[in-house]
């Protein structure tokens, strides 16, 4: 049924994942050797969030993770959003009125895609005490998990407006760290510290993560691109192994395993990856 998809869609990489008994479709992004400056977009519309977060007044870790005083930004024990009796995870939010109508539509599409394949529901805040306060300044940045009260999510209206970038920061707020920070990352990527400036090394620290019994995901919207924080022209800082040509750092949208991890963390047992796989194929024409 799926034969020839790789021939029909030149920009897609098709393959199987042993995490699912089904066909997985991932977007292939051309390798980019140099990190763009804030505000620049490559032809593939991939935006490097951390390059645009340097002006954020808050203390950031891993490029776009806001550190909470008194707690490691990457320690998310008990910081998930509450699951209601009907099995849905309600995440209230406020969206800055400074976003344009097309940008608001982009937010809605990004959130609705996440809702369609998980038990998470994003609702406009009324009087809830805990909520996401999505603002249009400060680059692209978020806290890890629920911190309580008004929780800022920075999504710059000029530089962070892609579906995948929005979903990336929202996934942080749901409790997820970067894929390259996983405890088992050394089995899947080499970090080329010789091309990383000393002040940027902390962005590549491994963490004691709960990997939810899911395999490492090169195609995750939470993965850094190959050139992240590179200080040397043409030199990559993250090299997939055993195949260095594996594309990483896409910001087109959730991967199959991104969906699986959200559902695992929030125990959305009734949701399946099958719908998402089919929807990807349908949306691709």
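Cβ atoms are placed via backbone N, Cα and C, with glycine included.
Now, the feature entries from TrEMBL:
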- 169: active site (ACT_SITE)
- 168, 172, 178: Zn(2+) binding site (BINDING)
- 76-79: disulfide bond (DISULFID)
- 72-269: domain 'Peptidase M12A' (DOMAIN)
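A straight line from the CA of residue 178 (Zn(2+) binding site) to the CA of residue 79 (disulfide bond) spans 16 Å.
Averaged across the domain 'Peptidase M12A' (72-269), pLDDT in this predicted model comes to 93. Shown are the recorded positions 79, 168, 172; of these, the residue with the fewest other Cβ atoms within 10 Å is 79.
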